[in-house]
Amino acid sequence: MQQPLLISVPEEIMDEAPPSKSLWQYISAYWTMLCEMYYSKPISHWILLFLSSMGMLVPFPASSLLSRLYFANGGKSKWIISWVSVAGWPMIAIVLIPSYFFLKVFPTPLDLKLTLSYVVLGFLSAADNLMYAYAYAYLPASTAALLASTSLVFSALFGYVLVKNTMNLSIINSIVIITAAMTIIALDSSSDRYGYITDHQYIIGFVWDILGSALHGLIFALSELIFVKLLGKRSFLVVLEQQLMVSLFAFIFTTIGLVMSNGFHGMKSEASTFKGGGNAYYSVIIWGIITFQLGVLGATAVVFLSSTVLAGVLNAVRVPITSIAAVILLHDPMSGFKILSLIITFWGFGSYIYGSYSPAKKEAPRTIS
């Protein structure tokens, strides 16, 4: 997930700026650039970008809280909460299929290599969701969200190895900073857990969260590699097609696991013992499905309408949103060490975004079809 509206002073302005240039002149220059950027796009563009950004900042934290609420109120199946993450895949099709008719374009042809790549990514996504399910089963939602932010570290590492993405000092600095933040959480494990969670369960949740983040980073790099090697173009419809196919195969693999674990039958028994009753249980399941897919659609739209940097900024912002909401709504433990870790993580995100954004770097033009 990907892109932000970061605004920087062009190198020409920086080079020509006299040493005595006042702060007000810098502010005025930035304001002028903002106005030029605003008027360069129709108002519909900014409305869609705002709605897409809200699609990342609201549904994703909500889906995280609902996952934790499921386990806190009596849910036990990791397969069910994994299934919830992919069961909303038809929502992508609802957006994608009419687009073919409105834009008068055809779907991207599927060959053997592309199909196999979607199958592999679908399997990895199913495994990734299962790992995160273990994390939310045993960790506070605020802690799980913080640990999941390490996916940025692994995305940078795998992107460097597989896709030959840039690895500069700012990105290396962000990797070190975020790793330090996670170490702080590990050292503060005694005050960062619910009373009914054992040491063994906490360690399991911690480890699976980190492993899930590593797998998420690998999936991100492999997805980018598919665009480079097999698709050759990055457009809104092509990104939706990839997301649809990967989600579909992830749904198939997860459904197989749910059936083999007798999960569908287990839903009935869980609903009968769920705190708040069956209606509350199915509300958590249904809203979990909806919010996760809305987040996916929002992130896809942000990448297309803006840039991967804005998506990175929004992805960073939703970490403290999730943590703060979890403390307020779920009464998550929030020690001084976790607050410190949250601040350091945000610092690491900023370093990564700064390292990823270069005025000299030109993104390939994005198209709709």
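Just so you know, the numbers here start at 1 and follow the chain as drawn.
From the backbone N, Cα and C atoms, a Cβ is placed for every residue, glycine too.
Since this is a predicted model, take the numbers as computed values, not measurements.
TrEMBL lists 46-67 (among others) with the feature transmembrane segment. Residues 1, 5, 38, 81, 84-85, 132-133, 136, 141, 144-145, 284, 287-288, 290-292, 294-295, 297-299, 301-302, 305-306, 310-311, 314-315, 317-318, 321-322, 325-326, 329-330 of the same chain sit 6 or more residues outside the transmembrane segment (46-67) yet have a Cβ under 8 Å from a Cβ within it.
Feature annotation from TrEMBL assigns transmembrane segment to 79-103 (among others). Sequence-distant contacts of the transmembrane segment (79-103) (same chain, at least 6 residues past either end, Cβ-Cβ under 8 Å): 63, 67, 70-71, 125-126, 129-130, 132-133, 136-137, 237, 240-241, 243-244, 247-248, 250-251, 254-255, 257-258, 261, 263, 266-267, 270, 285, 288-290, 292-294, 296-297, 368-369.
What TrEMBL lists as transmembrane segment is 115-137 (among others).
What TrEMBL lists as transmembrane segment is 143-163 (among others).
Positions annotated as transmembrane segment by TrEMBL: 170-187 (among others).
Long-range contacts of the transmembrane segment (207-232) within the same chain, counting only residues at least 6 positions beyond its ends with a Cβ under 8 Å from a Cβ of the stretch, are 108, 113-114, 117, 120-121, 124-125, 127-128, 131-132, 134-135, 139, 144, 147-159, 161-163, 165, 182, 238, 242, 246. The transmembrane segment annotation in TrEMBL covers 207-232 (among others).
When Cβ-Cβ distances below 8 Å are used as the criterion, the transmembrane segment (244-264) is approached by residues 77, 79-80, 82-83, 85-89, 92-93, 96, 118-119, 121-123, 125-126, 129-130, 223, 296 of the same chain, each at least six residues removed from its ends. The feature transmembrane segment is assigned by TrEMBL to 244-264 (among others).
Sequence annotations record features per position, and here TrEMBL assigns transmembrane segment to 284-305 (among others).
Feature annotation from TrEMBL assigns transmembrane segment to 312-331 (among others).
The transmembrane segment annotation in TrEMBL covers 337-357 (among others).
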Quiz item: What stretch of 115-137, 143-163, 337-357 shows the most Cβ pairs under 8 Å to the transmembrane segment (170-187)?
Solution: 337-357
